[in-house]
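Taken from TrEMBL as is:
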DOMAIN    15-218  domain 'PNPLA'
MOTIF     19-24  motif 'GXGXXG'
MOTIF     59-63  motif 'GXSXG'
ACT_SITE  S61  active site, nucleophile
ACT_SITE  D205  active site, proton acceptor
Amino acid sequence: MANPPQANNLPVNLLSLDGGGIRGVSELIVLHEIMVRVQDRKNLPELPKPCDYFHLIGGTSTGGLIAIMLGRLELSTEEALAQYKAFAGHIFGKKNRKSKGHDGAFKATTLEGEMKKLLQSCCRDPEALMCGDVTRENEMGRAFICAVPATNMRFPRVFRTYKLLGNSDPNCKIWQAARATTAAPTFFKRISIPGVGGIEETFIDAGIKCNNPAKQVREEARRLFGENRTVGVFVSIGTGHSGTIGLSNPDVFQRILPSQLIDTLKNIATDCESVADELASQYGEREESVYFRFNVTHGVGQISLEEWKKISEIVTHTKAYLQDSRISAYVDSVVQRLCDPFSHSTSVSLALLCAL
């Protein structure tokens, strides 16, 4: 077994995962490379899991689905990649495409079914709760996903795998959280989740508000661990640079989907990179920084959200990106901080991280 850090006073490691449909594979490939290098550096007999090295994992849309897999279900990157591939063909295949685009272009029941199969395999309970009976020896592996209420999209809502003082959000089932964070209006119908007194709220994918949830991750960490806690590393992973997020066959989708829903796609990619650029200017992108942004620059961003048959292309482009000497050095810096939390001189508190 791998030997992850144990002490509860270590600097916290944060992981933020963007939305981006099938391109979430790119995030997993980047993270897999990080974990492989952790294994090599520590001479571990087996591949370590992200839940043993990151204190908090937050994601939106496909990034939210990955956050659930890695945090709540404690999958390795290898296991998550295999599951992601299995999901893709069923969810985005022709058989799952709806003839009419009301409530999305694809059947949400298929996504629900695939998620419940995974939960049966991992938890032996397809109705397991997000904040369930999870016992860990340390503070590692906590996760949350973002969604927004369909009737008030100004403020993203957070569904957590842990308890937080002052949190009034419902402790829903894992599959419900997965549906909420992936309920992009263009793809899947919205989901209603019972809350206080059994009153239902309807949620959609938070990608139209915070497709890059890095700001939510840092604020959630401050609330969870306290503003005086120092930061070990803050990793943000995207799903590929893209001018606008597109669909593989826009003419078909425009015939079956309302035009205003198509228009929402144009704002999502802009949100991702504007947040990334803002954080890069605040923290600086250099090897001695605590903040590291990984986002494939060529090839991946041009692949449409539902083009599941192009997974191998996504993998190829991402591996090429990781071979760049500058990017590889960033990966090594992240690995050093994960393996030896006190190895770097930079000391940044969560209060300072959120204030910058």
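Glycine is treated like the rest: Cβ placed from N, Cα and C.
Distance between Cα atoms for S61 (active site, nucleophile) and D205 (active site, proton acceptor): 6 Å, as a whole number.
Sequence-distant contacts of D205 (active site, proton acceptor), defined by Cβ-Cβ distance under 8 angstroms and a gap of at least six in the same chain, are G19, T60, S61, A147, V148, A180, T181, T182, A183, A184, P185, F188. Residues 16-24, 27, 143-146, 156, 181-182, 184, 205-207, 210-213, 237, 239 of the same chain lie 6+ residues outside the motif 'GXSXG' (59-63) yet bring a C-beta within less than 8 angstroms of a C-beta in it. Here the Cβ of the residue listed as 'active site, nucleophile' has 31 other Cβ atoms within 10 Å, regardless of which shown protein chain they belong to.
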